[in-house]
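S.K.: Next up is a structure, given as structure tokens.
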Amino acid sequence: MATSRAGGLLRRPGQPQQATYLELFFDLVFVLALFRLTQGLLQNLTWIGTFQTLVLLLALWWVWSRVAGTTDRFDPQQPLIQLLVIASMLGILVIAAATPEAFGKRGLFFAGPYVAIRIGASVVLVLLLRGHQAQRAFLRQFFWYGVSAVPWIAGAVAHDTARLALWTLAVAVDYTATALRLPTPGLGRLARSELAILGEHLSERFRQFFIIALGELILVTGLAFGTSGFGAEHSVAALVYFTTTVLLWRIYVYRAGQLLAEAIAAAPDPLRLSISATYSHPIMVAGVVITANCVDHVLAHPFGHAEPIWIAMILGGPALFLAGRGIFEYAVFARVSRNRLIGVLVLAALSPAMIRAPRLVIAIAAALVLAAIALSDAARARGRPPEPPSPPR
């Protein structure tokens, strides 16, 4: 009876894999989360502040990807699964609200719900799957979420450098354990057969999260332009960042972003490929978040002087996106396009040359590098049949 009830919660073979309205509704809270993340970085734009933002982004991505994994395995039309997703959404709302002060006075408001969402969801799923073979996968998750909960909570009650060190350790535990397939005492590692990957659903969810990140870039561009005075230089800066958003979208979708589902289906180890895709996306999103963080600075004074950290941000955001995009491309095609590597090197080489350049000129230079990559992609594809996915063996 228990096995039958558990089986009724899982997705059935042949069931539509498109994202449901519930999942799109769930994504709304991450619009706020990314906006608050950008606000926090603006308030503390230092090298340490940037690293803190990266740690928080990795945590936010992890909780989003785990919920996406839940709806990939379970039927999101089931009331119990819907309740679990909505409860997670409430917790993420608290996390998002606390994000700008997560390394200040709101540490427990960030770490507490974060730990509660993950451990709570794992406990519920373990109980729901009682007697079903799929329970073992979620027992492993529960074990490792418990391990990483220790530095998360310890960090929340610590201060300054200690909090950053403990939370960095917690994030490292989460990502490393999953990369190693959750090796757990008494259960071993996660086997391929224990976790079916729905490529169409998972790839659609990744695309949707990346669109949320691009939406954040559009949002901050519109807000900054609206308060800029609508001068000619401000209009040009807004156009540059709108164009940058379009180019980031274009480079993402061509072609690995379109073919992830087919790559998962063709992969000899779909689980390994899905982990690679899961790890490459926060790098790309980090690049978009850093770029969004620069918009207000550039639009406020387009011809103003840029401090070295701002030069690194304006050029580093697109470079980080390209680095993540290269990892993603390797997961789908087992190779990285040369223009991605050249783009990263050119952006890095531009940094010292821009030390006296106005902010707008630096933003234009970054956009031109992205435009060259997008045009190179289009030229390479012209007159050729679409390249099929060929994931690593």
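Placed from the backbone N, Cα and C atoms, the Cβ positions cover glycine too.
TrEMBL: automatically predicted annotations, no manual curation.
On a predicted model such as this, the values are computed, not experimentally measured, just so you know.
Straight out of TrEMBL:
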type     : residues : note
TRANSMEM : 21-39    : transmembrane segment
TRANSMEM : 45-64    : transmembrane segment
TRANSMEM : 80-99    : transmembrane segment
TRANSMEM : 111-130  : transmembrane segment
TRANSMEM : 142-158  : transmembrane segment
TRANSMEM : 209-230  : transmembrane segment
TRANSMEM : 236-253  : transmembrane segment
TRANSMEM : 309-328  : transmembrane segment
TRANSMEM : 340-355  : transmembrane segment
TRANSMEM : 361-379  : transmembrane segment
S.K.: Tell me, please, if the transmembrane segment (361-379) and the transmembrane segment (80-99) are in contact, taking contact as 3+ Cβ pairs under 8 Å between residues separated by 6 or more positions?
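M.R.: In this chain the transmembrane segment (361-379) does not contact the transmembrane segment (80-99) - fewer than 3 Cβ pairs sit under 8 Å.
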S.K.: Using a threshold of three or more Cβ pairs below 8 Å, and leaving out pairs closer than 6 in sequence, do the transmembrane segment (21-39) and the transmembrane segment (209-230) count as in contact?
M.R.: yes
S.K.: Which residues, given as numbers and ranges, are at least 6 beyond the ends of the transmembrane segment (309-328) yet have a Cβ under 8 Å from it?
M.R.: 45-47, 50, 244, 248, 251-252, 256-257, 276-277, 279-294, 297-298, 336-337, 340-341, 343-344, 347-348, 350-351, 354-355, 359, 362-363, 365-366, 369-370, 373
S.K.: Quick one: find which recorded stretch in 45-64, 80-99, 340-355 has the most Cβ pairs under 8 Å with the transmembrane segment (21-39).
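M.R.: Out of the listed stretches, 80-99 contacts the transmembrane segment (21-39) most.
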S.K.: Go through the chain and flag residues at least 6 beyond the ends of the transmembrane segment (80-99) whose CB is under 8 A from any CB in it; none is fine as an answer.
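M.R.: Distant Cβ neighbours of the transmembrane segment (80-99) are 9, 22-23, 25-26, 29-30, 32-33, 36-37, 39-40, 56, 60, 63-64, 67, 70-71, 74, 106, 109-110, 113-114, 116-117, 120-121, 124-125, 128.
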